[in-house]
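So the structure is just underneath, and the comments pick up after that.
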């Protein structure tokens, strides 16, 4: 294939963040000195930005912000630590370690994220190094859990369900390792590794990223049809596993250019769906990923960060240009994409027996928050299970948890423990609640404009009787809520979704595809709870009485004319 046209990288002066990365000496900056400063519980802005690459965000508890300001105190600074777990897999020993850190340094809970990672909230600055050291001692890491690099690689979390799942999990590990930053700064700062005075003296420190890394974060996910639980079309780079005639992994369809984030009021920003561009064999997976990443490295927008994601690079230059550039770098052509079929994006709850004879239990975890409450001792139950479990824990892309690779003997014991602590598999919750996703939002996320995790359950409380009255209590409807438009809970792929606009107010969207292949469309702007209920009630009632057999909610609201179908993000605001 010949090149259609030559494209130059985006012009304009590099942003302040680009200068920061360049001058950071491969992510060192002055982090060591700032961490040692006992005068403040926070970090200077420049080091705070660098800290993301090391897997942490500085936050403050916004519930206390006004009161502390009145008392002339600095904000209640604390840090969120995100732990990289490729494919969401953790051993029982690693689970117990994270559980203990939640009490030792955190706020007494664990957050399971929509990208299959752990988050630990409330860590104080003076405890950061100790926490990271304990995490690494358990063969986990926070490096590249955040920052302008390839993040935690997602995949279907049930590798013991079949040989195919096991192979796919292997590639999530390989991709995470291959694309991880190679700078020794992480080991120097956190693990007391041997210090290198000047990273440049080592030669090529970052052979893939270079000294300024990527223009923005880069997300990779691997889906295993018929489940699109990882929302593969939301990824910068997606792999769709294809089964061969021999029942083994033949390779992957590849899709590029997805992403959920946008900025309120700026129609030049939008969520986007990744496009399928071809098929690769397993031995081509790493080469393809590296070349795709380097295209974004070289052509992504480094002047304006809100336009810097890979989706804008592709949309700006065009898919034909991207394919030419990719082939030039690869030196070989992708094969034509193969047939596949997705049926759902949600989790399948309860016990499932794998082909190897072992069991997997998918547990519902509301908003991914593992915590003990007065009426739900989930954290205690999982702690006791981890003490006897000989398989794995697998975090799902829907913020739930799979207790995987369970023997028949251990299954009996785990069932007894769940009963002892009163934990249900998920069948006692409504289909709507089981299909809900939300980000953390307030009080710790500095970007949140409204509540999400703390509020969505109560909104569902009001929606459940409406659905029950319509006979839809068992109908899966993907509902998602975020406190801002950055898209952490992938709201643009919710059949019903809410994006925070201001305290108590949300933009309401509808019409995304049930299998994650169509974006939602804004239906109402800046509305509160009562208007949400008043708006959805007649739509739900009409859906119950007028839907076609097997018709999902997102498809119905388009057919009924409530919103238009959005299959490309460039039409999201039309």
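Glycine is treated like the rest: Cβ placed from N, Cα and C.
The [4Fe-4S] cluster binding site feature in Swiss-Prot is assigned to 439, 445, 484, 488; the stated evidence is sequence analysis. Around residue 484 ([4Fe-4S] cluster binding site), the same-chain residues at least 6 positions away in sequence with a Cβ under 8 Å from its Cβ are 441, 445, 447, 448, 449, 450, 499, 500.
Taken from Swiss-Prot, the feature siroheme binding site applies to 488. In the three-state DSSP scheme, residue 488 ([4Fe-4S] cluster binding site) is classed as coil.
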Within the chain of residue 439 ([4Fe-4S] cluster binding site), which residues six or more apart in sequence place their C-beta under 8 angstroms from its C-beta?
114, 445, 448, 452, 453, 481, 482, 483, 488, 489
Determine which residues of the same chain, besides 439, 445, 484, 488, have their CB within 8 A of the center of the CB atoms at the recorded [4Fe-4S] cluster site, and list them by sequence.
440, 441, 447, 448, 452, 482, 483, 486, 489
So if I draw a 10 Å sphere around the Cβ of residue 445 ([4Fe-4S] cluster binding site), how many other Cβ atoms end up inside it?
22
CB neighbours of residue 488 ([4Fe-4S] cluster binding site) within 10 A?
22
